[in-house]
Amino acid sequence: MSAVASSSKSPALKYPPESPSLLPKACLSGIKGLQSLDPARFVTRIPILCARVDPAKVAELKRHPMLRGQIIDVKRIPSVIPIPGKQEKLLRLRVESEDELPATVREFLLAKTEGFEKDVLELGYDYWSASDVLNAILPDTATGDPPSSFTQTGHIGHVNLRDEWLPYKHLIGQVLLDKNHQMRTIVNKLDTIHAEYRYFDMEVLAGEPDFVATVNEGNCTFTLDFRSVYWNSRLGNEHDRLVSLFAPGEVVADVMAGVGPFAIPAAKKGCRVLGNDLNPEGVKWMAVNREKNKVQANLRVSETDGRAFIRSAPLSIWNDPFPPVQIPTSRKKREKAARLARTGDSSTSTSDPASADAVSPSSLPPPPSVAAPSASVPSAPAPVEPERQEVSHFVMNLPDSALTFLDAYRGAYNALASEAKADGYDPRSAKMPMVHVHCFTREMERPGAEKDICQRASKYLKYPLDMSAPELNLHFVRSVAPNKDMYCLSFRLPREVAFARD
């Protein structure tokens, strides 16, 4: 045999060309400029050919290479449907008649199925997405596609409509409501923002005028009146990130706490939280959320000006610290302690939580409430005197103006240094708190943003801050608009600022 003998190859299998896609036909047309929603105007009918198939053969036929590119390809439409009153099923094809099928495909189907049947694919209003409907009825503009997205807060969907869409605002709202069944209310945020309390004016576009929403974020539940407080569902990651920096037992002073997106999860983590806001509605709902999340022992709520709160918090928490917490014990452990007491065996392990009297707030989160023990089970020991506490973190989540509040830290610790000296407070060795301040910048490049934010912070602190400072960090949060980014500046409060005398 020759060393270069040619090897025989079996001819490649040839399959028929694909039939034309039905996708170009699965669209809405002729309704541009529609002023009201009439479901009958949103029906598209597409004649198709179907093959009657024994149910046992459906899977085999759908996989067969001969039918590649022949079966219906309209999104969200099943390719196989039952025939009412019969055992057979209909395999939907892309063509309208047998004559449009490639000859080999027609012969294959005649051999493998029970014959053909014509049908009409009907796509009604319920089939189309919000984007499909709005693109079909709203006029074309130079600024982009019609609005079909929204931000969700509980059952409320809120949009920010550009001026060109305002004549169609109620139509847009109704479409969004129809296409998102978890929504009950669609609102449009207006340009007016109440700077003092950080909430927007808004109008109802569709649905119920119900603004009290419940939101689940992380492992917390928040209830709020969306008309009168600030809430942004897009800040969930920032809430998680900042709370992750707090250790259980640390004192967190939330200067502009709102309904508690930082304060509640921090308290649930075991931090001791001073939650403050100037908006009475924010304070009201923060108190409601404190109860809902069962963090009453770890969260104190106040309603005062941010600057006054910053200046009073250091001495306030020193003079009125949170009480220590009892180590939670199960009923099983309490009953074991009772048995040991009855037998006179007082030997217990020092590592057994049941034997501990109390711990400082830096050790554990507060316990859940437990039922009162029976008379035969020893009750929990009385709490010890609370330890002195100091603020470990200040949170300032008012990005439009929080930097301007930094002047309040100048001399904010002088009252504490004066009044707490006899109790052992030493300004020279006391650990200063971290300050986390959210802010906006128009500088889109990182070096420019760093310079802009540090310069503005330095101006109000009257103390130089730059990126080389120890423990200073500038975290990018999100882009909020073209040429406008949100950051969080974190830094250790300089001792020269805290005890300034100017």
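Here the Cβ of each residue, glycine as well, is placed from N, Cα and C on the backbone.
Record features (TrEMBL):
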| type | residues | note |
| --- | --- | --- |
| DOMAIN | 150-495 | domain 'SAM-dependent methyltransferase TRM5/TYW2-type' |
| BINDING | His239, Asp277, Leu278, Asp305, Gly306, Asn397 | S-adenosyl-L-methionine binding site |
| REGION | 323-388 | region 'Disordered' |
| COMPBIAS | 346-362 | compositional bias 'Low complexity' |
Asp277, Asp305 as binding-site residues, winner by CB count within 10 A: Asp277
Chain-internal residues near Asn397 (S-adenosyl-L-methionine binding site), provided their CB is under 8 angstroms and they sit 6+ positions away: Asp254, Met256, Ala257, Gly258, Pro261, Phe262, His438
List of residues, in chain order, with Cβ under 8 A from that of Gly306 (S-adenosyl-L-methionine binding site) and at least 6 apart: Val255, Met256, Asn276, Leu278, Met396, Leu398, Phe405, Ala408
Spatial neighbours, same chain, of His239 (S-adenosyl-L-methionine binding site) - Cβ under 8 Å, 6+ residues apart: Glu217, Gly218, Pro261, Phe262, Pro265
C-beta crowding around Leu278 (S-adenosyl-L-methionine binding site), within 10 angstroms: 19
Average model confidence [pLDDT] within the domain 'SAM-dependent methyltransferase TRM5/TYW2-type' (150-495): 86
